[in-house]
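Accompanying notes for the structure given below.
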C-alpha cells in the first residue's frame, strides 16, 4: 500500500534527516550564539558521509565513474546517491495518483531496466536523477561537508563568511555530469537521448535557482547587501521536471528540440499490462474521474475499502521558547486500495 502524503514524507533514506535539515539551513541560515558577527559555524558532517561508499556503489558495474569517485571522493558520491533517492521519493509522491508513479523506477546508479529503454518515463528518470544528484551534492557543499567544494573553507577555522554559496551549485552540477554520464559508450540513438535528458536535468537546477540576499549595516540598515544563488527545494525541482515530462517530445534524427525539453524514442507499454497496481491508494469518492480515481488508477481490477483508526498529533502549539506541545487525537480513515495481480514485466 502506498503511504498517505504526510506519512510518505517521513519514509526516506538514511540521509533524509540530513537533507531536511540542509533544506532548512540553506533557506535561512541561523546565527550561532557566540560566533563572530557575519559568521556561522559549519554544522557537523553526518556519519554517513564519513563511512565511505557502500559495496554496491564501490563495485558498481553500471557506471565506471562511480567506482573511481568512490575511491577518491566518497562523500560526493554518497551525497549524489542520496539526492537521487530523495528525488525518486518526491516523484513517487508527486505522481501518486497516476498509473505510473516512479515508485519502482530504480536508482540510476544501479542501472535499472527502465533506463535501458527509450520511453517517456525513462526521460523523466534520467532528468530527475541528474538534477537530484546535483542538488544532493550542492546541498552538502553549502554545509561544508565536501572537502573539495569551494564552499568549504579549509583555512584552519571552522567557520565561513555569511554570504551563501553559489559555488556549491556549480560543483553539484559538475559532479552530476561526471558521475552519471557514460564515457566511451556506443553512440546509439538511445545514448544520445540519455545524454540529452541528463543535461536537461542539470539545466533544471539552473532554471529553478533562487536568489537570496542579506543586508549588512547598523541596526538592520542595508548599507551593504550580499546576494547569492541557491538551489530550490527538491520538491520544486521535481515539480518542474514532472511538467516537462508531461510535455516530453518524441525524438527522431531530424527532430528540433530545446535543451530543456525531455525527449523519448518509443511509446510506453500499457502500464496496466506491464506492472501491478495492487495496493495502490485511490480516491473512491472521486466523482470527477480525474487524478486518483479508483476506476482509472486500478486498471479495471476493482478496489477494496477498509476502515482505520489512527492516533495523530493535533492542536499543537509552541510553549516558550522552544517546545512543541500537542494533544493526541483519534482519527477515522476510510482507505481504498486497488485489487490486482502480480506484474507481468520488470521494466516499470
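Every residue, even glycine, has its Cβ placed from backbone N, Cα and C.
286 is the residue among 286, 339 that Swiss-Prot labels N-linked glycosylation site. Here the Cβ of residue 272 (disulfide bond) has 17 other Cβ atoms within 10 Å, regardless of which shown protein chain they belong to. Mapped onto three states, the DSSP output places residue 294 (disulfide bond) in helix. You'll find the Cα of residue 91 (disulfide bond) roughly 29 Å from the Cα of residue 316 (disulfide bond). Checked against residue 314 (disulfide bond) by C-alpha proximity, the disulfide-bonded residues 102, 282, 298 yield 282 as the nearest. Only 227, of the disulfide-bonded residues 102, 227, 282, 316, have a C-alpha within 10 angstroms of the C-alpha of residue 215 (disulfide bond).
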